[in-house]
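*Asks:* For reference, Swiss-Prot lists these features for the protein:
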type	residues	note
SIGNAL	1-19	signal peptide
DOMAIN	20-84	domain 'LCN-type CS-alpha/beta'
DISULFID	C30-C83	disulfide bond
DISULFID	C34-C59	disulfide bond
DISULFID	C43-C64	disulfide bond
DISULFID	C47-C66	disulfide bond
MOD_RES	C83	cysteine amide
Amino acid sequence: MNSLLMITACLVVIGTVWAKEGYLVDVKGCKKNCWKLGDNDYCNRECKWKHIGGSYGYCYGFGCYCEGLPDSTQTWPLPNKTCGKK
């Protein structure tokens, strides 16, 4: 029983360590902007939305940075997107 608990705990830790992270993007392929660096309610809320699926978000380099994202979530920079430029 203890072995099963230990294996389960290890899998949870590995999943957390290997989770994707990065800057959120808008429809133009740009980083979602933020102005209050560090802990930021807006970024945390955006990262945790159901369609995003992140575990935590904060403002870093004036962009919303998310941790614990699923692989399906797009992060900045996007290939073939120039952030609204032609």
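Note that Cβ sites are derived from N, Cα and C of the backbone, with glycine treated the same way.
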*Asks:* Listed disulfide-bonded residues are C30, C34, C59, C83; which of them have CA atoms within 10 A of the CA of C66 (disulfide bond)?
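*Replies:* Candidates kept after distance check: C59.
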*Asks:* Looking at the disulfide-bonded residues C30, C47, C66, which one has the fewest other Cβ atoms within 10 Å of its own Cβ?
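*Replies:* Counting other Cβ atoms within 10 Å of each of the disulfide-bonded residues C30, C47, C66 gives the minimum at C30.
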*Asks:* Below 8 Å Cβ to Cβ and six or more residues apart, same chain only. Which residues does that give for C83 (disulfide bond)?
*Replies:* K28, G29, C30, K31
*Asks:* Pull the DSSP breakdown for the domain 'LCN-type CS-alpha/beta' (20-84) and write it out as helix, strand, coil residue counts.
*Replies:* 8 helix, 24 strand, 33 coil
*Asks:* How many Å separate the Cα atoms of C47 (disulfide bond) and C34 (disulfide bond)?
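*Replies:* Their Cα atoms are separated by 13 Å.
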*Asks:* What mean pLDDT does the predicted model reach across the domain 'LCN-type CS-alpha/beta' (20-84)?
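*Replies:* Average per-residue pLDDT within the domain 'LCN-type CS-alpha/beta' (20-84): 92.
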